[in-house]
Amino acid sequence: MTNPKLVLAYSGGLDTSVAIKWLQERGYDVIACCLDLGEGKDLDFVKEKALKVGAIKSYVIDVKEEFADEYALIALQAHALYEGKYPLVSALSRPLIAKKLVEIAELEGAVAVAHGCTGKGNDQVRFEVSIKALNPNLEVIAPVREWSWSREEEIEYAKKHGIPIPVDLDSPFSIDQNLWGRSNECGILEDPWAAPPEEAYELTAALENTPDVPEIIEIGFEQGVPKTLNGKPYSLASLILELNAIAGKHGVGRIDHVENRLVGIKSREVYECPGAMTLIKAHKELEDLTLVKEVAHFKPIIEQKLAEVIYNGLWFSPIKDALVAFLKETQKNVTGVVRVKLFKGHAIIEGRKSEFSLYDEKLATYTADDQFDHQAAVGFISLYGLPTKVYSIVNNQKKVNV
């Protein structure tokens, strides 16, 4: 009788490498799955390591374009910043990882999937809620959450079973990265008073090491989608990665955040999102030019709710679909070019233009070219202020009669 198959979200690190052997001991044939989300990792090495540790098959899937087009783009168009600061770096990738785990499980006839999350973080929720939404019949196993070993016990287990110990195991930081950005926690970062050491950063330069001359870039959008950088066409994934390099060189996109986790605790995280933060700022400026007032004023309510929904692991849910439907409707005329100056940690908008611009210079100007009907303001003010005037009359009369 053959063993049941299980698909493991595999990173190549100690936890998921140990998980392969741990799951084998519980009777599963393990299939490893690693996604290329644009983090720059040596994925051929990861694929081979999974097989050496004991996986019967090892998948490495390039999902950079899918991640950019179907996940990061929604976050960009929603200006999605959880609690006003966090661009949802890890939260965006988890539903895509879950989707691929389920797809491979169904392809391979697996009965279960597994992830390497602890019982303390948000990712366990994001993975398991997403997996159950996509295939309720799959069992979900969380080895790290179940075994409850200390780090020393885990290393001892790895040595006993010939599992390679990562060379960066002594690093105090826990890092997650994809093309939308890089998150970092643990070590000295657990003290919210401590300044993050420079070694905590990788994508962005320290301000004192950034160029002393600003760099001007132009980003072209079509219906809310970034299409060009300095006039050159890019796929969205390539454009984000290019912006990570350019804006990161100028120190743009460093975020230090004490956030409220889904599981009920506060956590201090350090993020680097140079491309994401530059794009969000540019996109918002183009919306300011092209959206009517009522939509522009209501959209932030949708944005905040969507950021919370994504952060809380509800990507595959009716509420997320409903919010995105509104979002897509708002992007029809968000077409144009935004000029950005990158300098000393800042992305400064210096210009914007669009064929759908609702800005009319002849209405806005105070020069002789002014075409605004000033006399129309008299009647407008009278009607606009009428409810306030009536309220004041009624309440003042009551005060007099007391």
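Just so you know, glycine gets a Cβ as well, placed from its N, Cα and C.
Note on Ser11 (ATP binding site): other Cβ atoms within 10 Å of its Cβ, all shown chains, come to 21. The ATP binding site feature in Swiss-Prot is assigned to Ala9, Tyr10, Ser11, Gly12, Gly13, Leu14, Asp15, Thr16, Ser17, Gly116.
Under the heading L-citrulline binding site, Swiss-Prot lists Tyr86, Asn122, Arg126, Ser174, Ser183, Glu259, Tyr271, citing sequence analysis as support. In sequence order, Ile255, His257, Glu259, Glu269, Tyr271, Tyr311 are the residues of the chain that are 6 or more apart from Tyr86 (L-citrulline binding site) and have a CB within less than 8 Å of its CB.
What Swiss-Prot records for Thr118, Asn122, Asp123 is L-aspartate binding site. Other Cβ atoms within 10 Å of the Cβ of Asn122 (L-citrulline binding site) number 19 in total over all chains.
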Alpha-carbon spacing, Ser174 (L-citrulline binding site) to Ser11 (ATP binding site), which is rounded to whole Å:
13
Within a 10 Å radius of its Cβ, which of these binding-site residues (Ser17, Ser174, Ser183) has the fewest neighbouring Cβ atoms?
Ser174
List, in sequence order, the same-chain residues at least six positions removed whose CB sits under 8 Å from that of Asp123 (L-aspartate binding site)?
Ser90, Arg94, His115, Cys117
Close in space, distant in sequence - Arg126 (L-citrulline binding site), Cβ under 8 Å, 6 or more apart
Ala91, Arg94, Pro95, Ala98, Gly313, Trp315
Nearest to Asp15 (ATP binding site) in three-dimensional space, by Cα, is which of the binding-site residues Thr118, Asn122, Ser183?
Thr118
Could you state the CA-to-CA distance between Ala9 (ATP binding site) and Asn122 (L-citrulline binding site) to the nearest Å?
16
Just the number: how many Å between the Cα atoms of Asn122 (L-citrulline binding site) and Ser11 (ATP binding site)?
17
